[in-house]
């Protein structure tokens with residue numbers, strides 16, 4: 001960039017920022033090579049040329065944010081004569097590598113604790129006392145630099161948690177984990193500016209920009225600010241509006257999103273007006289994009305049977321009405337799953353040593369206020385495992401999400417409550433994330449808690465109770481006399497009746513007379529009821545040492561129309577002893593009906609500009625017609641735009657097919673994602689990986705993997 005400096009000699013000065021070379025060395029070239037983007041703690045090169053020889057003295061100045069100052073660490077002047085030592089400990093420095101009278105090659109070092117973001121760059125040469133503004137540069141966190149608080153030593157992990165623009169989000173229930181491809185897209189050329197805009201709009205920056213820019217050196221501060229800005233619950237121009245009810249009029253249904261880029265662009269395009277609508281995995285995936293973009297290693301985590309302990313007493317009280325129906329939501333609940341992110345950073349704010357360094361839980365879903373704002377974290381995963389619930393930030397809430405005890409109560413018609421004996425599933429199971437370098441699921445439950453029932457687990461729980469406030473200890477109930485189990489007869493398929501059975505046994509020597517109240521409800525993944533779909537009441541005589549089996553049939557005609565995305569069917573049975581009404585037993589099962597398959601076949605040569613074909617087929621498995629059907633196919637780098645066909649009516653047993661011929665326009669690992677939608681079956685997806693090789697290579701046979 002050329003700038004006329006307005007000093008007396010009117011000399012012309014040119015500065016070459018060497019964007020392509022610097023950005024490539026700093027792992028930012030995926031964003032762009034048109035402007036300078038560097039990572040802190042690593043030198044970069046500039047070439048300075050002038051018309052009149054006076055390069056004996058060169059001084060550079062960098063500034064970020066309004067009212068930049070040396071004491072806040074947001075401004076630094078440094079030269080080749082006397083390196084400035086800045087009292088904030090954030091001094092930039094330069095070395096002259098080689099020079100002629102008219103040009104100099106400089107190596108500039110941005111300190112590893114500099115504030116991240118956009119800087120203006122000024123140059124002064126010779127005896128001039130006027131600095132010319134010669135351009136801008138953007139500074140990011142540096143997981144490659146061992147002095148940076150976000151340093152991550154393992155390169156395969158950096159490739160996954162910083163550089164990978166594709167990922168997987170896990171949903172479903174822990175017996176039937178479902179996975180969805182997600183496009184993080186953190187290096188799309190406009191995303192970095194959107195992330196910086198997000199920082200500028202955060203309430204702390206609006207209130208005191210000078211302090212906020214000064215604090216942007218700290219990943220603990222930045223990640224906490226972002227966790228609050230992803231949701232719009234504080235009227236803070238946040239990115240996404242959360243909605244958990246069943247109608248999404250005026251916005252996009254949360255399950256329809258597959259890309260953070262679409263959401264962030266929409267937010268930017270409409271003047272930072274919050275985008276409708278998201279649920280937990282959408283908040284988490286967008287936060288993952290922002291952290292990876294800024295250079296903080298990040299991964300998306302799913303916790304199954306996740307407790308929402310509003311009272312922070314490590315106990316979830318769940319209430320059942322007289323007929324086994326879950327009444328409207330009590331404040332404490334256990335969600336089928338909950339999705340958050342982990343960011344990787346050091347925590348010198350907590351201890352002298354490195355005990356709490358590493359993965360930190362950050363949860364952008366608006367659940368509980370933390371210091372009067374809807375944000376959560378960073379909470380060290382180590383502190384969760386050890387039960388250190390008094391550590392910053394929000395440890396008690398996150399500890400509860402994976403460890404709270406569930407207590408079930410039967411609410412009688414007169415309002416009185418009875419404790420139910422049940423062996424309900426423990427809270428915090430199958431904690432999952434995408435594995436490094438593959439599409440496999442990695443179970444990381446052991447990072448969060450010691451083995452159930454082990455001595456270490458008991459010690460950690462006692463430690464948590466000791467450090468937490470107002471926790472009431474509960475007695476374990478006696479082992480129930482009646483055991484109940486619900487089992488499925490084969491895979492539950494969406495579109496056909498669901499068949500299951502209830503098995504009862506007793507270890508009492510006497511015959512038990514029981515009243516069974518059975519029902520099935522459609523539940524949102526947050527465990528609040530959407531609709532009842534089946535119920536039955538009967539009295540039985542349960543003989544000792546004998547299995548009593550009762551069939552359960554839930555017709556598709558009743559559950560089909562009410563089963564939305566991310567919902568499941570909860571079957572619960574409450575058994576009451578007719579002779580001794582204080583003995584109440586409960587069993588529950590969450591059933592996620594599997595969607596019918598969508599087939600996607602890719603053929604041809606996966607070369608740049610090679611001819612390829614994709615064929616998507618869907619067969620209607622029902623005995624009735626499907627209405628408002630569509631098949632879409634997308635894949636950046638493969639298709640120029642999304643291809644779609646619409647079919648008003650697809651008869652019973654009929655097939656719908658979309659065939660697309662295409663030529664890949666970018667090399668590297670790409671994904672084709674097919675989606676079938678209809679008024680009955682929503683958003684059924686399939687995906688195929690296509691590894692596109694540059695056309696110069698002759699080997700066209702390295703093909704496809706699921």
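Along the chain as shown, residues are numbered 1 onward.
Cβ atoms are placed via backbone N, Cα and C, with glycine included.
As recorded in TrEMBL, the features of this protein are as follows:
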- 60-84: region 'Disordered' (REGION)
- 75-84: compositional bias 'Polar residues' (COMPBIAS)
- 272-366: domain 'Transglutaminase-like' (DOMAIN)
- 280: active site (ACT_SITE)
- 338: active site (ACT_SITE)
- 363: active site (ACT_SITE)
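For the domain 'Transglutaminase-like' (272-366), the predicted model reports an average pLDDT of 88. Within the chain, the region 'Disordered' (60-84) has long-range Cβ neighbours (under 8 A, six or more residues past its boundaries) at 90-96, 106, 108, 110, 113-115, 117-124, 131, 137, 139, 209-214, 216-217.
Residue 280 (active site) and residue 363 (active site) are 9 Å apart (CA-CA, integer value). Residue pair residue 338 (active site) / residue 280 (active site) shows a Cα separation of 6 Å.
If you draw a 10 Å sphere around the CB of residue 280 (active site), it holds 28 other CB atoms from the protein chains shown. In the structure as shown, the Cβ atom of residue 363 (active site) sits within 10 Å of 31 other Cβ atoms. Across the region 'Disordered' (60-84), DSSP assigns 0 helix, 9 strand, 16 coil.
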